[in-house]
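Q: Pasting in a structure now, in structure tokens, and then I'll have a few things to ask.
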Amino acid sequence: MNALRGWLAALGSMLLASAAQLGMRWGMSRLPLPEAWAGQTPERAALLAVALAVTAYAASLLCWLAALRHLPLGRAYSLLSASYALVYLLAASLPAFDETFSTSKTLGVGLVVLGVLTVNARRTAAAPAHHPSRKAP
């Protein structure tokens, strides 16, 4: 049950961090450059998107702390790395971001995903029955 909580928390952290990245990108691309702040009124939707993205990062951190409570760091961190793939796919798929797919980006993201799968497959196969630093229930 604790491992399931860890996986759910890590997944929540990954999804929230991905949403935060997309929200920051969308909001910041619609705000004026800092040197123009004095002369322009910022778009409210963009400010709201940035504020929500910061909140999503905070929630992602809380999920991350919960994940670390129940999962080995290598396992949790590899899942968090999958957020790169999710952000890339969404940013290139959604017209609001004006991003594109490319062979080199897709290959790089594919390697990240392959790494996540490799790390988790090896750890599952070689997982010890008892972690030495934890007491048996």
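Note that Cβ sites are derived from N, Cα and C of the backbone, with glycine treated the same way.
Sharing the feature lines straight out of Swiss-Prot:
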type	residues	note
TOPO_DOM	25-44	topological domain 'Periplasmic'
TOPO_DOM	66-76	topological domain 'Cytoplasmic'
TOPO_DOM	122-137	topological domain 'Cytoplasmic'
TRANSMEM	4-24	transmembrane segment
TRANSMEM	45-65	transmembrane segment
TRANSMEM	77-97	transmembrane segment
TRANSMEM	101-121	transmembrane segment
Q: Any residues 6+ beyond the ends of the transmembrane segment (4-24) with a Cβ under 8 Å from its own?
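A: Distal contacts: 49-50, 52-54, 56-57, 59-61, 63-64, 66-67, 69-71, 75-76, 79-80, 82-83, 86-87, 90-91, 94, 97.
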Q: For the transmembrane segment (101-121), what are the same-chain contacts with Cβ under 8 Å, counting residues 6+ beyond its ends?
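A: Those are 74-75, 78-79, 81-82, 84-85, 88-89, 92, in sequence order.
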Q: The topological domain 'Periplasmic' (25-44): which same-chain residues, six or more beyond its ends, come within Cβ distance under 8 Å?
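A: That would be 50, 53, 91, 96-97.
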Q: Given the model, what does the mean pLDDT over the topological domain 'Cytoplasmic' (66-76) come out as?
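A: Summarising the topological domain 'Cytoplasmic' (66-76) by its mean pLDDT gives 88.
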Q: Same chain, outside the topological domain 'Cytoplasmic' (66-76) by at least 6, Cβ under 8 Å from its Cβ: which residues?
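A: Counting only partners 6 or more residues beyond its ends, the topological domain 'Cytoplasmic' (66-76) has Cβ contacts under 8 Å with 2-3, 5-7, 9-10, 13, 119-120, 123, 131.
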